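Below: the structure, in structure tokens.
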Amino acid sequence: RNFRSSVLVVLSLIIVLNVARASAKSKVHIVYLGEKQHDDPKFVTESHHQMLSSFLGSKDDAHESMVYSYRHGFSGFAAKLTKSQAKKIADSPEVIHVIPDSYYELATTRIWDYLGPSADNSKNLVSDTNMGDQTIIGVIDTGVWPESESFNDYGVGPVPSHWKGGCEPGENFISTNCNRKLIGAKYFINGFLAENQFNATESPDYISARDFDGHGTHVASIAGGSFVPNVSYKGLGRGTLRGGAPRARIAMYKACWYINELDGVTCSFSDIMKAIDEAIHDGVDVLSISLGGRVPLNSETDLRDGIATGAFHAVAKGIVVVCAGGNAGPSSQTVVNTAPWILTVAATTLDRSFATPIILGNNQVILGQAMYIGPELGFTSLVYPEDPGNSIDTFSGVCESLNLNSNRTMAGKVVLCFTTARDFTVVSTAASIVKAAGGLGLIIARNPGYNLAPCSDDFPCVAIDNELGTDILFYIRYTGSPVVKIQPSRTLVGEPVGTKVATFSSRGPNSISPAILKPDIAAPGVSILAATSPNDTLNAGGFVMRSGTSMAAPVISGVIALLKSLHPDWSPAAFRSAIVTTAWRTDPFGEQIAAESSSLKVPDPFDYGGGLVNPEKAAEPGLILDMGSQDYVLYLCSAGYNDSSISRLVGKVTVCSNPKPSVLDINLPSITIPNLKDEVTLTRTVTNVGPVDSVYKVLVEPPLGIQVVVTPETLVFNSKTKSVSFTVIVSTTHKINTGFYFGSLTWTDSIHNVVFPVSVRTQILQNYYDEN
């Protein structure tokens, strides 16, 4: 609780000041005083005024200079100061820091500046790979809007020689819609039509590769969009937009169809299978699939799971298949696309915040989140619709039920409501109800990890968490005439905005095979700006912000496209290994990543796999763990699938060995033991891809109550020894069943750190009923 409050106050300290305008002789400065010394906010504010008065000479000057007092999480204030005044205050022993205010803009390339491979740096992964020029990213989704500037081919060379695909004509789509950037576009609807009627009058979708919904366009441009300068979204700053591999080529395979507003988008497994099949044929290097089912999942050998089945064959051909992990978090065991040959992606936030100051009549400043760029809404009556006890009217402060309130309850006021819903539709509907009733604004208390989007017609609707919502509710209840001011949103990037695993991001453990860690990796997937279709209701100038693991997966696809250019002979498993074992366990600034759940917590491998993707480190991982088709067959045998089901998936007769192999020996860049009772021994084999003569030593951080012994403790590589195996003996000291505990196993040569996430659950009584 204190951590979250502190973060919000820090944000307000930095963001709110963006709306201030310094005079010719003074500029807004932030004076940070550290931990507050008193619990009474009024007392803290008075101390700020007294301090400022002592430096400026009078209370009137201090009052005129003071912009905001920050008194809830820590002590500090913002004031208009000259350079000499700021220096004088900074020299005071009770002042920790004084910094000038800054004007933050929306950095639309923020994903890639944040993760490291920026195109502005002359020596990094982007430049070393010529921006992924000869790599082809296949995308299976809702289609593409080919006229989007994100698919311009300025400066893009000839089509890669290994490309065998093309552009299929259809409704409002001709072959010349493709270019050297968008080199392929096909659509697959037969599976859908076999079970459904496509009503051309009711459904506005195009029977072609053209995208109506916008999702496919968005995903494709995140993975490999070209440079687009001077992009602005809803007025929240301006900058240059690009995808992860800006010179990689895009091939769109439309297998998902927009039915209508009520039914949304649907994707037939058979159409998906056909799309994967075509992509394999056409010569894509990476296949990005931001689709998935729901728990309970079909087994990996069940042909109804078109993604797992198709992906198996794609991986067998050397194609890296990247899939979204699903948006059913934060509940455990909700992750989808869990086959071990798939690279499964979780979603995190960026170091970006759309901070919107809410100022109450008692001068309390609360920092909400919104995309509001309208004029400041001056002090306005604030209401929470509830029965005062003497009215015959119906009242409701639940966002979904605001329509039960009379118009006079909300007219001319800012309305506070609470909701537990995840879908932003609830927010937009509530805003429409308030606006129709003559209301002037909406404050929504909800889980802070849920999706954010602007309300229509730039109506001020600001999201806060339930704790701050309760603070505002108490202010309303215990104030005679509560009022509120809402200021326009400002964009903050970099510190101190913390990175978090998104609330919606589906979590492990894997519900099909708990010994296979899922998700594998995490990447930014919250409020991601990218191209869209003009039909997108939130479209602004051809671009939109969306959130979901759908947005995180193409981030990884873009990274893979760059790595593929650098290491064209690596297997899909090698790329996964490089990404998982080099991932950040902190954010790029070295700060602790948090996981949004019922409350903030330290993330574990079931939240984000190996961690947050670190593209630069993944380019030179030191060691990799390799796997091929036969290794995946061994996995299927170890998982207990019968010979006939494995044969159907693999496409040839397969007979498992007796005794069957251990699932713990699958050569994954992680160790997950879901049912440890007796001591177990497992094996991994690593291949050196760094300097020929390398020596690695092991470092173990065992999970709580778990003993981990690695043999040998040193790995020696030379010109003759490229790969080395090691064993891990794991035992438990627990005498009872436990939940999962987490640790790590690291091989290091002092330059490379190859980190295996370790997850172990003790299950002493797992066979109780069998034994009794």
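Positions of Cβ are set from backbone N, Cα and C atoms, glycine also.
Taken straight from TrEMBL:
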| type | residues | note |
| --- | --- | --- |
| SIGNAL | 1-22 | signal peptide |
| DOMAIN | 28-106 | domain 'Inhibitor I9' |
| DOMAIN | 132-586 | domain 'Peptidase S8/S53' |
| ACT_SITE | Asp141 | active site, charge relay system |
| ACT_SITE | His215 | active site, charge relay system |
| DOMAIN | 405-471 | domain 'PA' |
| ACT_SITE | Ser550 | active site, charge relay system |
| DOMAIN | 665-760 | domain 'Subtilisin-like protease fibronectin type-III' |
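Counting residue by residue with DSSP, the domain 'PA' (405-471) contains 26 helix, 14 strand, 27 coil. A mean pLDDT of 96 is what the model gives for the domain 'Subtilisin-like protease fibronectin type-III' (665-760).
Residue counts of the domain 'Subtilisin-like protease fibronectin type-III' (665-760) by helix, strand and coil are 1 helix, 60 strand, 35 coil (DSSP-based). The number of other Cβ atoms within 10 Å of the Cβ belonging to His215 (active site, charge relay system), over all protein chains shown, comes to 25.
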